[in-house]
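Undergrad: Sharing the record's features from TrEMBL:
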- Lys46, Gly53, Arg54, Gly55, Glu99, Ser102, Glu107: ATP binding site (BINDING)
- Asn199, Asp213: Mg(2+) binding site (BINDING)
- Asn264: substrate binding site (BINDING)
- 9-249: domain 'ATP-grasp' (DOMAIN)
Amino acid sequence: MNIHEYQAKQLLRRFGVPVPRGDVAHNPAEAESVAEELDGPVWVVKAQIHAGGRGKAGGVKVCRSIKEVTATADQMLGMKLVTHQTGPEGRLVRKVYIEQASDIARELYVAQLINRTTGGVTLIASTEGGMDIEEVAASHPDKIIRLDMPPATPMRAFQARRVAFALGLKEREVHKFVRLAMAVNKAFRSLDAVMIEINPLVVTGVGRLVALDCKMVFDDNALFRHSDIQDLRDDNEVDPLELEAARHDLNYVKLDGDIGCMVNGAGLAMATMDIIQHYGGQPANFMDIAGAATKERVACAFKLIFNDPGVRGILVNVFGGMMRCNSIAEGIVGAAREVGLDRPLVVRLEGTNVELGREILQKSGLPIITATTLADAAQKIVAATSGKVVAAGQGRV
Ligand code: ADP
Ligand code: MG
């Protein structure tokens, strides 16, 4: 789960990490009163969307009077901000954050994240803050500082100190960095985060260290023990189809392709996506309907995929273990009748009651294309959506 910058900063403040004073505003009048509460003479108005790259896209503006703050908030609220992370459709700005401007001497990058290889937390830092870290890693890998911490151990002061020296911090700044990095690590561990990224972490003219931007991502599987974090969820920032899927306990992630996939089991879902690409197609989503899905959930998953206007055809690939193929077939037929099957549908069923399942599909009278193997299924859906005969190796693997 993601949260907004202003919420992440409130959490950082709670753990003792220095952040600029500021508050959120939903309209220009609120922006004005927030600005009046803060000491001027310079303020920053920041669009609150779940995407980075706002600075370059006009979503971060420095203002030199309260009047300018109000006018900027007025202009930003309601606009569609397009950054390199939002996609071309952009994101509607519904809130702005007004904060005190910092006097920036240096912009650094510091993040802590779960390292899936080591199973521990890794700290990534760089002297090149304020920029896209992926870009820095690609063009100047030598500018990336890494600290791998062993699993289940808090950060130690000596580890943070090493990073501070590698960042070239001055003597009086080193202990401030150590305190800050350890506080972020405490927040990370206590809140079950998977990433806390501070970009930029600035050194001010008088040698203070301040987190000017923060992105926090939490482990969805640990949210049950953080009701206060759950309350920070902003449904406006979540893809509506993903939101609907979550309501029905379906593991759904929207992707950019045009072949909808409905699969049971995450492993099979990944394999299905791979093989679609192998035959030159592009999956429109990841969908795991899970092992014990009912007829109703199958129908719901099917409708969800169908409701995505980018989907040109659907591939259903289900292995009936605990789940019976006849229930799956009933779910598909029911949903297909309801939505009106206007796009190609390829179904591959295997496992318990497979004969019964195939019979239900055949007798439905619907134009369902059946397939026997995974390769057969992928070839058929790619051919049906592209109008071409396909062979292996036409796509990216
Ligand atoms: P994004 O990462 O979405 O572009 P940031 O919050 O990192 O947004 O802001 C972009 C840039 O704007 C920062 O790198 C910094 O130079 C400047 N900036 C942001 N907040 C402040 C602030 N409070 N005071 C001064 N400059 C700021
Ligand atoms: Mg930033």
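Backbone N, Cα and C atoms are what each Cβ position is placed from, and that goes for glycine too.
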Undergrad: Please determine which of the binding-site residues listed here (Asn199, Asn264) has the lowest count of neighbouring CB atoms within 10 Å.
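TA: Looking at the binding-site residues Asn199, Asn264, the Cβ with the fewest others within 10 Å is that of Asn199.
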Undergrad: Tell me the coarse DSSP state (helix, strand, coil) of Glu107 (ATP binding site).
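TA: Its secondary structure by DSSP: strand.
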Undergrad: Can you list which of these binding-site residues (Arg54, Ser102, Glu107, Asn199, Asp213, Asn264) have a Cβ closer than 6 Å to ligand 2?
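TA: The qualifying binding-site residues are Asn199, Asp213.
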Undergrad: Give the three-state DSSP assignment (helix, strand or coil) for Asn199 (Mg(2+) binding site).
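TA: For Asn199 (Mg(2+) binding site) - judged by DSSP and reduced to three states - the answer is strand.
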Undergrad: In the three-state scheme derived from DSSP, which category covers Lys46 (ATP binding site)?
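TA: Lys46 (ATP binding site) sits in a strand per DSSP.
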Undergrad: Where ligand 1 binds, which of the binding-site residues Gly55, Ser102, Asp213, Asn264 are close by, with Cβ under 6 Å?
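TA: By the Cβ criterion, which requires under 6 Å to ligand 1, the hits are Gly55, Ser102, Asp213.
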Undergrad: Given the binding-site residues Asn199, Asp213, Asn264, state which is nearest to Glu107 (ATP binding site) when distance is taken between Cα atoms.
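TA: Out of the listed candidates, the nearest Cα belongs to Asn199.
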Undergrad: Taking only same-chain residues 6+ apart in sequence, whose CB is under 8 Å from that of Gly55 (ATP binding site), what do you get?
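TA: Listed in sequence order: Gly130.
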Undergrad: Looking only at Cβ atoms, how many others are within 10 Å of the one on Glu107 (ATP binding site)?
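TA: Taking every protein chain into account, the count is 18.
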